[in-house]
Amino acid sequence: MASFFADDGADELPRTASHPFDADDDAAPDASGGAAADDTGYGGYASFVDGGVEDVEEEEEEIAVESEGVPIGHVSGGFSPSPFSPDPELDGGDGPILPPPAQMGAEEGILLREWRRQNAIVLEEKERKEKELRAQILAEAEEFKKAFYEKRIQNCETNKVHNREREKIFVAGQEKFHAEADKQYWKSISELIPHEIATIEKRGKKDKDKKPSITVIQGPKPGKPTDLSRMRQILVKLKHAPPPHMMQPPPASAAKDGAKDGAKDGTPAPANGTKKPAESKEKPANGSPAEAEKEQPAASE
């Protein structure tokens, strides 16, 4: 069995100097006879039998202790490792060859890889569209800002011109107001009241045709109108029934004429200079004037 697992070139037996089987039969035997028989027979193996096998066994035992696996001895004296022994590892360890499962990623299928590829393409397209839309919005914003500033400058120039014209009209109106205030002060007061009054807008379809009973003007605070109806009511009342200190004094010529007439008739002149008609002292002969008027139609009949 040992020679069966050995290498092909390692099972050659050592050659001896004598060849017993190749001896020439025609050779003449030696005179002594014994010496010739030893040379031509098995005499050449005497040294091998005398202790040669023991030396080989000792060497085999020593090598079997030091070597790994099952050593196989050869007749030639060499040994080869067993074919069933494990192969020595390169790194010198006996751990696992593959990395741990935590470090190994999950194996992705074909559908998952295709989905990831399609998703990456969709995300790139979406990002590109967002960048284009952002650039478009910024461009439109710049154009809007430019147009807004141009329009604002134009409005400012127009407002300046209109304000100058309104200021001229206002100054002329103030001069006219102060010139005519002492002559017709009630008219001047009525002109101070604003005529253009903003109406209250109410929500709802039913309130469109209805108008508020009180018209108000917007006050200094937004959303809180100022009510001027009471002011108008007081001014109208003062116009129709002015107090004594607001009554106009009579002209100087009318006052003098009234004083003279009063002195002649013996009646005092009124304060405002008006002259009352003189009452007739003559009484009708037939009684009261009312009775005379009643009798006149009867006489005509």
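Even glycines carry a Cβ here, placed using N, Cα and C.
Remember, predicted model here, so these are calculated numbers, not experimental data.
Feature annotation from Swiss-Prot assigns region 'Disordered' to 1-103 (among others).
According to Swiss-Prot, the feature compositional bias 'Low complexity' maps to 29-51.
Positions annotated as compositional bias 'Acidic residues' by Swiss-Prot: 52-65.
Summarising the annotation, Swiss-Prot assigns region 'Involved in binding clathrin heavy chain' to 102-164 and lists similarity to another entry as the type of evidence.
The coiled coil feature in Swiss-Prot is assigned to 111-147.
The annotation region 'Disordered' is assigned in Swiss-Prot to 200-301 (among others).
Taken from Swiss-Prot, the feature compositional bias 'Basic and acidic residues' covers 200-212 (among others).
The annotation compositional bias 'Pro residues' is assigned in Swiss-Prot to 243-252.
Taken from Swiss-Prot, the feature compositional bias 'Basic and acidic residues' covers 291-301 (among others).
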Composition by DSSP (helix, strand, coil) of residues within the compositional bias 'Pro residues' (243-252): 4 helix, 0 strand, 6 coil
Segment-level pLDDT (mean, integer) for the coiled coil (111-147): 95
